[in-house]
Amino acid sequence: MAAVIDNEMLDDILAQVRPLLGQGKVADYIPALASVSGNKLAIAICTVEGQLYQAGDATERFSIQSISKVLSLVAAMRQYEEDEIWQRVGKDPSGQPFNSLLQLEIEQGKPRNPFINAGALVVCDMLQSRLSAPRQRMLEIVRQLSGVSDLSYDANVARSEFEHSARNAAIAWLMKSFGNFHNDVATVLQNYFHYCALKMSCVELARTFLFLADKGYSSHHAQAVVTPMQARQVNALMATSGMYQNAGEFAWRVGLPAKSGVGGGVVAIVPHEMAIAVWSPELDDTGNSLAGVAVLEKLTQRLGRSVY
């Protein structure tokens with residue numbers, strides 16, 4: 001019989017995984033992230049019934065980085081017809097590093113999916129075309145979904161990323177050369193880096209992403225965020241592309257739709273049941289949280305949960 005969730009079980013899982021701390025590496029290509037202590041470990045679970053469970057550093061905020069790509073995609077889904085989005089970005093795994101230009105050149109400026117950097121930049125370009133204040137709108141979205149009114153961007157992280165943005169700028173200009181990028185590159189990059197610099201805790205992330213476990217409905221402000229079909233589509237993209245080139249290994253070990261960020265966070269969804277957020281800043285070779293993935297693996301084994 002599968003275990004019942006409680007805080008004691010989560011504490012036990014973190015204790016089992018804690019020996020992994022020190023075996024990964026904190027992201028150092030963004031100086032503002034390199035200063036984060038690697039000795040952090042956290043988990044929070046929010047269920048569709050409204051229960052919240054947590055352990056470790058679950059209320060400490062960190063830079064969510066690429067987890068924000070799910071939120072920007074959801075924002076675009078609310079502004080554009082389906083065909084308008086998917087004619088500019090694909091739905092397939094890339095099998096390449098998240099900041100690769102090679103595949104983008106070969107495939108004439110159309111990114112494989114919205115969760116690699118190129119795809120997320122196209123989505124941000126689309127938001128720039130439709131929203132008068134894209135950064136403020138994103139803050140409004142996460143504040144509504146989380147029920148937390150003081151969520152904000154980490155200006156130091158956003159500035160640090162912009163100062164080291166040569167590769168992302170190259171990606172944007174390459175797509176512009178193929179006609180798949182319409183706005184000012186620097187403006188869109190600033191929006192993109194601010195989204196990545198959102199500071200949230202595991203508790204806030206689990207609450208924010210609960211709508212993906214509940215057919216697109218957010219209980220925190222009692223309305224649909226996306227349609228049930230759109231929620232299913234986002235979960236499918238997370239399952240195939242949310243963990244970069246490690247998606248297959250993650251599906252094997254954990255078996256849930258998930259999205260990671262180089263800040264060490266991972267959000268995972270058990271459809272119809274719960275949203276899970278874990279955090280540990282040290283990364284593996286593919287840019288995913290080393291201990292965070294291990295926590296999710298042990299959790300799904302304990303609970304007997306998988307979408308496969």
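Every residue, even glycine, has its Cβ placed from backbone N, Cα and C.
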Can you match one of Tyr53, Tyr80, Tyr244 to the substrate site that Swiss-Prot gives for Ser66, Asn117, Glu161, Asn168, Tyr192, Val262?
Tyr244
Helix, strand or coil at Val262 (substrate binding site) [DSSP, three-state]:
coil
